[in-house]
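Chemist: I have a structure here, written as structure tokens, and I will follow up with some questions on it.
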Amino acid sequence: MRGLIPDHMLERGRTVLDSYREPVERLLSERRMPEEGWPDDVIATFLWELSRMDTDKDPKAARIGEREARVASRLAEESVFGFCHGVGRSGTLVDPQPKAPGASIMYALTNRLVTDFLRRLGFRIEGAFVVPGATGLSIALCLSALGEGEEVIYPYAAHKSPIKAVRLAGFGMRVVDTEIEGDRIVVDPGDVEEALERSESPAAVLSTLTFFPPRSSDPLPEIAELCEEYGVPHVVNAAYGIQHEQYRDLLNRAIKRGRVDVVVSSTDKNLLTPVGGGIVYAPDEETLREVSRAYPGRASAAPVAHALISLLSLGMKGYRRLMRRQKECKALLDELLEDLEARRDDVRVLDVDNPIASAVAVEGHDPVDLAARLYVRRVTGPRGVRADDPFGTSRLRGYHSNYITINAAIGVREEDVKTAVERLERELEGE
């Protein structure tokens, strides 16, 4: 470029270019989550540069394989930033793919970043990787890799995804029923131990860290201790467990006290990505390697790219800011619901100890119908459960109240919370 414009102008232009290159060079060198988030155009340029390393971008290549990243539409290619070969090999999900050097770098870098991200949030782990499948599929992958017996011990939670995951992995299920303590639905560690003793061939314990109230988190430290004592793998469903310190602290106590093989969280619920990705993390890297070997075939790069985009866009500061806002919105939600309770005889805020969601008993109202009417009023997310519903209540013998749950998860806005409670009151009034 020298000689085309004056040198001082050229140097000025290089300064601008360097400002874009510098974060990329630092990322490739340090391989850590950036403190500050990146602009979208820098992220996009970085991803396209990586994807141009894949063999399907070689203009002189003779592509004669049955899988050559051919796409019918440019739109499809753009939707994955050119990573059309996907990630992984048929043997191991996290292994480099010879036809996709760029995608392999992208995947390895994403896993480095998500590990660093979790450690800096305070999780006691040795490694993590992104799975191109949401929470249920990721749980099934972990169970298929680690389970050696015939049935999974499952402290009961009203969620079809983990139940289907157990079946998909080829195991039977021994359900541990829950108990009521005040307003909370809890798991007795003694019942888990009894299930382990009665099972002739326990494959694993699938515990629950995060769930809708009034279902409480499982007693993870006690379950971890039992899994270590009985020599049974322990898989933790922490679907949205990354976004709050209460879940982190409970998980860390379990890791310190006993056996936790792997933890599964969702990328969309924690990293604000499109649905489709999971994060598997563990206190032992070899266990993660074993899980990655269980994945059948190559995988889509889209959920991995989505996770990387979110990590780079937010940075550590951006994510911590979202965590602070979530706490503020949850406090606002509780305040508004308590105010509603003080003004109405048909509403009681349940004591559930959940940092993400609140539960409200609604006397004289059908909670399922109430949640449906809120949906029509353009309030998405409330969950209505009847007291005699053995599935919805997460208790085979039912619950003492009809209730609805309202979430204030990461990414929620104050105006969302205010509008939801206002419309709830209108529906209670029958307006």
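Here the Cβ of each residue, glycine as well, is placed from N, Cα and C on the backbone.
Since this is a predicted model, take the numbers as computed values, not measurements.
So Swiss-Prot says this about it:
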REGION    1-36  region 'Tetramerization'
BINDING   Arg67  pyridoxal 5'-phosphate binding site
REGION    88-98  region 'Phosphate loop (P-loop)'
BINDING   Arg89, Ser90, Gln97, Arg298  substrate binding site
MOD_RES   Lys269  N6-(pyridoxal phosphate)lysine
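Tell me about the surroundings of these features in the structure.
Modeler: Counting only same-chain residues 6+ beyond the ends of the region 'Tetramerization' (1-36), those with a CB under 8 A from a CB of the stretch are 42, 45-46, 109, 112-113, 116-117, 120, 311-312, 315-318.
The DSSP secondary structure for Arg67 (pyridoxal 5'-phosphate binding site) is coil. All protein chains included, Arg67 (pyridoxal 5'-phosphate binding site) registers 12 other Cβ atoms within 10 Å of its own Cβ.
Model confidence over the region 'Phosphate loop (P-loop)' (88-98) stands at 85, taken as the mean pLDDT rounded to a whole number.
Cβ contacts within 10 Å of Gln97 (substrate binding site), excluding its own Cβ and spanning all protein chains shown: 21.
A 10 Å cutoff on Cβ-Cβ distances gives Lys269 (N6-(pyridoxal phosphate)lysine) a total of 23 other Cβ atoms nearby, all chains included. DSSP assigns Lys269 (N6-(pyridoxal phosphate)lysine) to a helix in the three-state reduction.
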Chemist: Which residues, in sequence order, are found in the same chain with Cβ within 8 Å of the centroid defined by the Cβ atoms of Arg89, Ser90, Gln97, Arg298 at the substrate site, excluding those residues themselves?
Modeler: Gly86, Val87, Gly88, Gly91, Asp95, Gly297
Chemist: Compare all C-alpha positions of Arg89, Ser90, Gln97, Arg298, the record's substrate binders, and send over the largest distance in angstrom.
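Modeler: Comparing all Cα pairs, the maximum is 9 Å.
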Chemist: Between Arg67 (pyridoxal 5'-phosphate binding site) and Arg298 (substrate binding site), what is the CA-CA distance rounded to a whole number of Å?
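Modeler: Counting only the Cα atoms, the answer is 11 Å.
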Chemist: Compare the Cα of Lys269 (N6-(pyridoxal phosphate)lysine) against each of the binding-site residues Arg89, Ser90, Gln97, Arg298 and report the nearest.
Modeler: Arg298
Chemist: What does the DSSP secondary structure composition of the region 'Tetramerization' (1-36) look like, as residue counts for helix, strand and coil?
Modeler: 24 helix, 2 strand, 10 coil
